[in-house]
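Here is the structure we will look at, set down as structure tokens.
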């Protein structure tokens, strides 16, 4: 036993593992499966880990999760769910500009503090107009003013309780006959704070609280449903007006300037320039145009995988970079064009360069599980963009179908011929709009049902927090600081180590993640 003893106590600890710099300066292209993070010291619980992350220079999220602008991943339903759970969704642009802008508008109107542009009707409108508004907007608590517009005298409100039991032949009745009159309403004065208004709404037990000025003219309204959403989703991503954050994608062509104008009018918070290879004169010119016309709009450039690519977009003025080329589950760019880079190496190299200029990095692609998210964040990414991981959730576009008894949803790459045939925007992303023969850079497939975002994303959040706990970091900021200082250590995995790290040596098993 004495042969194993070393004098001098336990003060000596051998150097173990590789720093990120040592790991990625070996010349090999590494994916997330090619390495592990070595554990640290735990003196806190997982729920104490702060996942606050920068999406762009000016937008911060409470969770580092972003949904990809793909037509089988993100429309309004996904963007709303992502924002409510602390992330953000980017509405795809493989559609008309009008459709995309309307999807953004749905997100911005979903949860609000002071609603300054609500649906308003007049006393001479009819009951059928309320039902039409309910079908179009999903609610029927509608204020009634003299002229049917904001800024005119409030005379009443119409709610579901006023119309629920009306027969169809009564749908031509004027609203003034059945509305709740002004004298029966609880209102609040203009200038009141949101907190004070919410307290009045809670005490009144009403569904809506109109805000009026000294002339009794309607200037805003607050909804009880928004109070409930605030309670149920404390991490929700919101702007200064308490509206949900929403992003959208555009291309780099001249006609995308019209799309940009519609998105700006709809209230979009951040725009990503959607290109498979972002280091182009087209993207640089578009960045400069956007920054000049909409200086307060945050712009994400990409995709890039090298520091040289990143430099040109940073010089042009981007507020964040999207990193990844050919690493997505439905992407075949590396196979077809022989261009791209393994994702772990790309994220580390670009993040290490971009951080010097205060430009956050979004790791886009190659994410197969929550461990990959943790690794991307540990390599310098501020947020992680997900496509296949969120496809087939309830909130993703498309209908479920069954194959061999398994519930599936369609999922396709924006470089697939299927997506290119749907709309020109997908062709533009891959510089294929003028080609007589299309070269597919993606495939179409199907993904198994994952349930709702409202259950799946909390699982991802908990997984990231537990990963940070094992690392010994109380925040993602600390994780990155440990990585750049060399305190955080990594280790390469052989193919045998990867087998050992997965489920093995069982006759059968059930893998339930949450």
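Cβ atoms are placed via backbone N, Cα and C, with glycine included.
According to Swiss-Prot, the protein carries these features:
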DOMAIN    114-173  domain 'CBS 1'
DOMAIN    179-237  domain 'CBS 2'
BINDING   274, 275, 276, 324, 325, 326  NAD(+) binding site
BINDING   276, 326, 333  mycophenolate binding site
ACT_SITE  331  active site, thioimidate intermediate
MOD_RES   400  phosphotyrosine
MOD_RES   511  N6-acetyllysine
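If you take the Cα of residue 325 (NAD(+) binding site) and the Cα of the residue listed as 'active site, thioimidate intermediate', they are about 9 angstrom apart, rounded to a whole number. The distance from the Cα of residue 324 (NAD(+) binding site) to the Cα of residue 400 (phosphotyrosine) comes to 29 Å. Between the C-alpha atoms of the residue listed as 'phosphotyrosine' and residue 274 (NAD(+) binding site), the distance comes to 27 Å. Along the domain 'CBS 1' (114-173), the predicted structure has mean pLDDT 83.
Helix first, then strand, then coil: DSSP counts for the domain 'CBS 2' (179-237) stand at 23 helix, 16 strand, 20 coil. Maximum intra-site Cα distance, NAD(+) binding residues 274, 275, 276, 324, 325, 326: 14 Å. The separation of residue 331 (active site, thioimidate intermediate) from residue 275 (NAD(+) binding site), Cα to Cα, is 13 Å. Counting Cβ atoms from all protein chains shown, residue 275 (NAD(+) binding site) has 23 others lying within 10 Å of its own Cβ. When the Cα atoms are compared, residue 276 (NAD(+) binding site) and residue 331 (active site, thioimidate intermediate) turn out to be 10 Å apart. The Cβ neighbour count for the residue listed as 'phosphotyrosine', using a 10 Å radius and every protein chain shown, is 12.
Counted with DSSP, the domain 'CBS 1' (114-173) comes out as 18 helix, 13 strand, 29 coil.
Of all the Cβ atoms in the protein chains shown, 24 others lie within 10 Å of the Cβ of residue 331 (active site, thioimidate intermediate). Separating the Cα atoms of residue 274 (NAD(+) binding site) and the residue listed as 'active site, thioimidate intermediate' is a whole-number distance of 15 Å. Under DSSP, residue 326 (NAD(+) binding site) is assigned to coil, being neither helix nor strand in the three-state scheme.
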